[in-house]
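What TrEMBL says about this protein:
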type	residues	note
DOMAIN	A:4-182	domain 'Guanylate kinase-like'
BINDING	A:GLY11, A:PRO12, A:SER13, A:GLY14, A:THR15, A:GLY16, A:LYS17, A:GLY18	ATP binding site
2 protein chains.
Amino acid sequence: MSKGLLIVISGPSGTGKGTICRELLRRNKNINLSISATTRKPRNGEVDGINYFFITKEDFEDMIRKEEFLEYANVYGNYYGTPKKFVLDKLDEGKDVLLEIDIQGALSVKKLYPDGIFIFILPPSMEELRHRIEKRGTETEESLKTRLNSAYKEISYVNEYEYAIINDEVDKAVSKIEFIIEAERCRVKRLGEIIKRYEEV
Amino acid sequence: MSKGLLIVISGPSGTGKGTICRELLRRNKNINLSISATTRKPRNGEVDGINYFFITKEDFEDMIRKEEFLEYANVYGNYYGTPKKFVLDKLDEGKDVLLEIDIQGALSVKKLYPDGIFIFILPPSMEELRHRIEKRGTETEESLKTRLNSAYKEISYVNEYEYAIINDEVDKAVSKIEFIIEAERCRVKRLGEIIKRYEEV
């Protein structure tokens, strides 16, 4: 049996990567979403084991020491991380796993698991990204600037990814990810066992 | 405008790569088939400029000297080659080009044009390949053995390709090639100009 595929999706905030991932999962019931662990308190409606694994700071730091994360970060005093075991177990079972993580996280995963499929979501244009962030209505002029500047910085990391998708239409963007997944299944580097069968006869 | 894609398809004889290529072209009118030049005489029904460019030995050798081939070979005294100009012009115009060539040819093309998409067609199994070659009915036991042996040797070259497709069903194999083409359009290395637009603003 061949290994499952690790699909890593990231991109600046405001590019709609969350919507794309939800739609990808809705259309492909066979793809497993990786669930992050965090030390922050659950918000209203968030369920342990579905939205996040809510764990204590002590447990989280213990897992860091035991190298049980594919990647982790401390954001404003709260830890967030991707537990290795869930992901690697699914891949070994031949199941595909989706990771929706930020760019720093993706680059850490790439070091530990270079066989992942690294996909960067781009906004249709930087103007459109500005509109989208503005439309949320929660931004002051100052924080809008900060967000746009960080988006510019983040976009320069696209060259670390293998694929980039411009999200001008969610359905099309999701189809492109599906094409990428099917194409990756045909990569010679993933067909080792299958190809051996031809050579052995 | 982005460049067209050069799609290079090869594989041992008997894998059905000819059928796959015809079906791919039928389903994708936008893909241009590269036409080979040859010094052999046209067979019944073959048309110059459609099946091959039929040229003289002198003209062919002149083109070799001027490095006007992407690849060429001499098979039983006849030259066969892929004229560079047709292929590169189409790619520059943003059009995709299909090359159906043998493995040695594909490896030559890879050296000159590593940005091509190199796809290897595998038979469902070596037993099935034997059946297919036998079914043609034109083989003696001896020539069947020679063909199978050369197929084994050829299959070991699959590792020089980026993609391999098992041809158990023509429709499915063609769909996989279509997925690969769509996925390749999302490769960051092909999106240079587009990505620059984001960085420049």
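Quick reminder: no glycine exception, Cβ is built from N, Cα and C everywhere.
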Averaged pLDDT score, the domain 'Guanylate kinase-like' (A:4-182): 93
Neighbour-count leader, CB within 10 A, binding-site residues: A:PRO12, A:GLY14, A:GLY16, A:GLY18: A:PRO12
Greatest C-beta neighbour count within 10 angstroms, which of the binding-site residues A:SER13, A:THR15: A:THR15
Around the Cβ of A:GLY11 (ATP binding site), the count of other Cβ atoms that are within 10 Å: 28
All-chain count of other Cβ atoms within 10 Å of A:LYS17 (ATP binding site): 23
